[in-house]
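S.K.: As listed in TrEMBL for this protein:
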type     : residues : note
ACT_SITE : His477   : active site
ACT_SITE : Asp529   : active site
ACT_SITE : Glu538   : active site
DOMAIN   : 594-674  : domain 'Carbohydrate binding'
TRANSMEM : 66-87    : transmembrane segment
Amino acid sequence: MKANCHNFVSLGTFLLPPSSSIYTTLKLVSSSSLSPLFFLSPVTFLSLIQRFLADNLAGISLFSFLLMEKFASIAALLLLLCFPVAFSGHDYGQALSKSLLFFEAQRSGVLPHNQRVTWRSHSGLTDGKSSGVNLVGGYYDAGDNVKFGLPMAFTVTMMAWSVIEYGNQLEANGELGHSIDAIKWGTDYFIKAHPEPNVLYGEVGDGNTDHYCWQRPEEMTTDRKAYRIDPSNPGSDLAGETAAAMAAASIVFRRSNPVYSRLLLSHAYQLFDFADKYRGKYDSSITVAQKYYRSVSGYNDELLWAAAWLYQASNNQFYLDYLGSNGDAMGGTGWSMTEFGWDVKYAGVQTLVAKFLMQGKAGRHEPVFRKFQEKAEFFMCSLLGKGSRNIQRTPGGLIFRQRWNNMQFVTSASFLTTVYSDYLTSSRSNLRCSAGNVAPSQLLSFAKSQVDYILGDNPRATSYMVGYGNNFPQRVHHRGSSIVSVKVDRSFVTCRGGYATWFSRKGSDPNLLTGAIVGGPDGYDNFADRRDNYEQTEPATYNNAPLLGVLARLSSGHSGYSQFLPVVPAPVVRRPMPIRKPRVTTPVRASGPVAIVQKLTGSWVSKGRTYYRYSTTVINKSPRSLKSLNLSIKNLYGPIWGLSRTGNSFGLPSWMHSLPSGKSLEFVYIHATTPANVAVSSYTLA
């Protein structure tokens, strides 16, 4: 937006921490010559004024302040200069579009024909092969080439939440399709990573060996071992977060792809049961993750988080009761949080449960849900600086928790304040802080101030989104972007040679990592644009994911609308009753080297009718691989998952080209009668 003096009126949206020195600073500047002003950036100086107003002249707008006689000299100077950098608005739609491109740069696997980040190519094409499972796909989490399951699942959950809340705004910006594609890239991988009800692969690659090398993902030579959790090696936090991601994503696809939506929800049910029944921290089972993504908060927050998302996806009372019955014991009503991210989910759970309460869904759990809401509002108040324990801010106004990738907490907190602002507006309520009641608009203004800081309204005038604005990081800690594209130069980059040739370069990255949100400045707004400064220049998918919803919301302006009117239709899917110990309902059927076993794994009643869920296992008993398998399934009266279908014939899923000797394939179907008749029609042996 071109600068004009009218913009002075709209700048009163920053919410900065109090400082007793502001009044003295402003008096000194206003009573002396104007020369000191030239040592401050316009944004920094306006921030000083905003902080002064918050401390001393509550209710006075910036424009009114500038007209006060005692500060007339400051007003005259600002009106004379009308600095473009200070008064230009941000293009949130453009930032939204760029932020989605970053997810395409992080893709692993076979890239699609419509891939827009063209300097990337296929990678990780043998992932999972050594473990006998197809784990091709998914996302690299940050600047390395490891696929970490816990932060990847949180990334997908937050992208899905953004679409659920702000799908209309994403569509208005032309980015709903790209957002859904980004979610599906993650959920397609999770389906592969969850081959059995109580098995989930949670990591591919090893951070230690990966960090020893600096290579493009397309030609990495590092170990690609796959690590999993199972009943003997549990991981409730990992399984719970993945259940949340699948449940949230099932809402996204309910209208556009109902069959896929039901498949995701089926996986979510199984993952939650697995997480709840076999409890334990995932990093005690996948120990190689401890150095990089240690689960400090444990798994209780993920179990509550998953239950909240499963309730929102299924509308089933079981999950609402789980929240009401376990909220106290699992810390949902006890923890007063000042952070939200891939590890600690309590603030997110508290926000969702507060939404259920405001929607009138609490029922007999209302007393417990009110305690959830109190903790949610503690978090919101601490962000605004109006609570009993407030979150630290930098002098420029950015919330600050830690030096290493602080932006992850900024974007996730901004998302929660954005949705909670809209929840309060929809329920015609105010935020209750220890400093008094706060209008919902202040929460949205807070989120805007943080996003504006990220996009360049900060003391350094630096955009921390790569490719946005004129001054952004040029030497990002990212293997793919820092090494020339394999499409430009196919010369092999060795493990250690990449450090010598590319990591140590002082020049800008050869590939622009458009849309990436880097780690950001320290607690004093300082930032060093160096590739070896991984604490500040490394991006991450979970930095960007929460920002999708915030940018979509800000791009729509400040018009009020009800967030309680969902973008997708109200769910009607019912959750099966807790799975009992499976029992064989049909004998083992064999057709030559192929054996088929069916089991009843669950049943439930809906509208007076009993439905049954059957798990069917196809076993290759031949010493050779099984190819071109065709199954005949008769007397099937419901949906089926885990097979490809052509007319009335069923075959191996699209991602499985053959069934190796001694291996098995499982598929699931649901209907309201006895088991279907499953038989082998044809096959070939490799």
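Residue numbering: from 1, along the chain as shown.
Every residue, even glycine, has its Cβ placed from backbone N, Cα and C.
Curation does not apply to TrEMBL; its annotations are automatic.
Note that this is a predicted model, so its numbers are computed, not measured.
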S.K.: For the C-alpha pair, I'd like the distance in angstrom between His477 (active site) and Glu538 (active site), rounded off.
M.R.: 5
S.K.: State the mean pLDDT for the domain 'Carbohydrate binding' (594-674).
M.R.: 83
S.K.: How long is the line from the C-alpha of Asp529 (active site) to the C-alpha of Glu538 (active site), rounded to the nearest angstrom?
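M.R.: Rounded to the nearest whole number, the Cα-Cα distance is 10 Å.
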S.K.: Test of understanding: give the count of other CB atoms lying within 10 angstroms of the CB of His477 (active site).
M.R.: 24
S.K.: Let me spell it out: for each of the active-site residues (Asp529, Glu538), count the other Cβ atoms within 10 Å of that residue's Cβ, using every protein chain shown. Which one has the most?
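M.R.: Highest number of other Cβ atoms within 10 Å: Glu538.
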